[in-house]
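Q: So that we are looking at the same thing, I have put the structure below in structure tokens.
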Amino acid sequence: MDPGTEEYELNGDLRPGSPGSPDASPPRWGLRNRPINVNHYANKKSAAESMLDIALLMANASQLKAVVEQGNEFAFFVPLVVLISISLVLQIGVGVLLIFLVKYDLNNPAKHAKLDFLNNLATGLVFIIVVVNIFITAFGVQKPVMDVAPRQ
């Protein structure tokens with residue numbers, strides 16, 4: 001018995017064209033049936049997260065500008081400046097963390113524990129950023145509406 005026959009016997013009938021073989025079904029979405037490149041997937045995911053982080057960073061910078069323009073007379077000036085500053089610092093930290101996550105090779109089993117820790121850390125920091133931004137939204141950054149009509 002040759003090794004090729006044993007493989008077919010152990011795994012079922014996987015000869016090209018047989019039912020259930022990768023060659024029997026047409027590829028979905030025009031792609032070939034091949035294993036997922038984990039590094040490529042992780043890099044795309046990190047790039048998407050980085051873009052969202054940049055968008056939130058820009059929004060927080062705009063909010064900080066609006067709060068500073070309102071000045072000290074705004075009721076929630078200090079809490080908003082502190083919360084927005086915390087959010088900005090955490091976002092920069094997550095951005096740097098994502099750069100390190102993209103840098104490492106996921107196929108190296110020796111680095112799996114470190115990558116898992118960094119990924120969990122990034123997820124935790126993103127959760128904290130979301131909570132901080134919920135409070136920023138609750139305090140509000142909009143300018144108060146001024147009465148146009150004179151009071152009598």
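Note that Cβ sites are derived from N, Cα and C of the backbone, with glycine treated the same way.
The region 'Disordered' feature in Swiss-Prot is assigned to 1-30. Under the heading topological domain 'Extracellular', Swiss-Prot lists 1-78, 139-152, citing similarity to another entry as support. Look at Swiss-Prot and you will find 16-27 tagged as compositional bias 'Low complexity'. The phosphoserine annotation in Swiss-Prot covers S18, S21, S25 and is backed by a large-scale study or a structure entry. For 26-37, the entry in Swiss-Prot reads region 'N-terminal adhesion motif'. Feature annotation from Swiss-Prot assigns region 'Required to induce plasma membrane rupture' to 40-69. What Swiss-Prot records for 44-55 is region 'Helix alpha1', and it gives similarity to another entry as the kind of evidence. According to Swiss-Prot, the feature region 'Helix alpha2' maps to 58-74. Feature annotation from Swiss-Prot assigns transmembrane segment to 79-103, 114-138. Annotation source Swiss-Prot lists topological domain 'Cytoplasmic' at 104-113, citing similarity to another entry.
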Q: Tell me the residue counts in helix, strand and coil for the region 'Required to induce plasma membrane rupture' (40-69), as DSSP assigns them.
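A: Final tally across the stretch: 30 helix, 0 strand, 0 coil.
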Q: Across the whole of the topological domain 'Extracellular' (139-152), what does the mean pLDDT come to? Round it, please.
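A: Within the topological domain 'Extracellular' (139-152), the model's average pLDDT equals 63.
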Q: Are there residues at least six beyond either end of the region 'Helix alpha2' (58-74) with Cβ under 8 Å to its Cβ atoms? List them, or say none.
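A: Apart from its flanks, the region 'Helix alpha2' (58-74) reaches 80-81, 84-85, 87-88, 91, 133, 136, 141-143.
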Q: When secondary structure is assigned with DSSP, how many helix, strand and coil residues does the topological domain 'Cytoplasmic' (104-113) contain?
A: 5 helix, 0 strand, 5 coil
